[in-house]
Amino acid sequence: MTDLDRLELAGNRQLVIVERPGGLAAVPRVQDPDGGWRRAVPGDGVAEAMLDLLTAGSAEYGNFTVISWTQRSATGERPITVDQTNESVIVGDDAIVKWATHLDDGPHPAPRRITALRAAGFAGMPVPLGLVTWCSPRGEQTLVATIDEYLPGAVDGWTWAVELVTAAAQDAVARPPLIAAVAEVGRLVADMHTALAGTASVADAAQARAWRDAAFETLETAVALSTSVSGAMLRERRGEVEALLDGLGDLAGTSVLEGHGDLHVGQVLQTEERFVITDFDGNPVLSAAARMQPIPAAFDVAGMVQSLAHVAIVAHKYTDLDPHALADVSSLVRRTFLDAYRRSAPRYDPAPLRALRLQQILREISYAAQHLPRWMYVPDAALPALLDEGITA
Ligand code: ADP
Ligand code: MG
């Protein structure tokens with residue numbers, strides 16, 4: 001492990017950029033009374049010190065850029081209790097500081113997207129308090145820390161949506177709260193896109209071709225990697241699958257914006273009062289350059305719709321549910337989301353929706369095959385459902 005750079009924080013604390021076999025990471029460090037430095041854990045005060053640095057305002061410190069939107073410090077650190085990719089520390093009841101345990105290649109889309117959403121007054125996300133970026137030796141800015149308002153008791157959609165769908169499939173009286181929740185999320189996503197309308201431009205033919213080619217590449221990878229039923233189905237129905245994906249090449253002229261880029265139910269947190277959208281880091285499976293590109297709103301919509309289909313599959317795995325009731329609830333959820341979204345985002349073009357949902361399934365086949373075999377039951381069930389369902393559901 002080699003130290004590449006460090007951001008000095010008050011009280012003998014640091015945020016260090018280290019190079020490890022798997023890539024670069026941002027690591028919090030604290031100095032012990034004997035003078036030695038060690039990796040900090042929640043309670044060591046590095047997240048508190050980060051928040052203190054934000055109170056000094058936006059500034060540059062060597063290769064680090066601190067963007068601050070807060071003047072408030074807080075004390076008392078604790079870890080978050082859910083599984084996550086990065087490492088987040090809660091400070092007081094005020095802030096959540098996320099260290100990037102794996103640095104993406106820059107440039108990084110989050111600063112631009114969060115800044116645009118803030119500027120537009122979008123309130124459907126945790127209040128952003130600050131961002132820290134680091135400029136790599138190649139001259140690319142990437143994100144090393146994200147500091148947001150902490151929302152006590154917030155849970156993501158792999159919890160709230162699975163619970164609501166399970167309950168609604170068990171008993172029709174539980175449908176109204178599910179419908180209300182999903183409609184609210186549909187409006188929230190539409191509000192986010194409305195807030196980003198100022199970033200809109202028009203896709204050219206090269207961009208459309210790149211989307212189509214990327215989808216075909218994803219298909220190639222999924223076919224090569226999958227040994228399960230979805231792999232067999234892809235091989236068997238390849239013509240149909242390719243015809244659907246081919247439509248992405250026709251998107252020249254469609255409107256694009258600085259969308260979320262990695263939207264799914266896991267990015268939608270439910271608090272006591274409302275829903276909020278988090279994680280504007282872009283899609284981790286894309287290259288840095290592709291992650292920065294503006295997207296049709298349908299990319300985000302498809303991510304949400306397909307993840308809602310996956311919610312029903314997950315619900316079925318953990319609870320013995322009547323398949324017909326579940327199928328009803330699942331299509332109701334997708335329709336409700338889309339109707340609510342469309343009512344608030346009337347300019348939305350649904351043409352690529354099915355192709356994009358299919359692409360999402362293909363990505364999950366590859367992801368499950370490479371990293372998470374126990375997730376394969378989800379795309380295995382989602383692929384036949386999508387290929388056989390009606391055009392609009
Ligand atoms: P990762 O990039 O590691 O996946 P996320 O930003 O998606 O991290 O957050 C992981 C989890 O932390 C979320 O699922 C949620 O439970 C919790 N979380 C994230 N942001 C907040 C917040 N602002 N307030 C409360 N909890 C949050
Ligand atoms: Mg996340």
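Cβ from N, Cα, C; glycine included.
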Stated TrEMBL location of motif 'Substrate specificity determinant motif', expressed as one of 184-199, 216-231, 280-295, 360-375: 360-375
Cβ-based isolation winner (fewest other Cβ atoms within 10 Å) among the binding-site residues ASP156, ASP279, ASP281: ASP156
Cβ-Cβ under 8 Å with the motif 'Substrate specificity determinant motif' (360-375): same-chain residues at least 6 beyond its ends: 215, 218-219, 221-222, 225-227, 230-231, 234, 285, 302-303, 306-307, 310, 382-383, 386
Cβ-Cβ neighbours of LYS98 (ATP binding site) (radius 10 Å): 23
Candidates near ligand 2 among the binding-site residues LYS98, ASP156, ASP279, ASP281, judged by a Cβ under 6 angstroms: ASP279
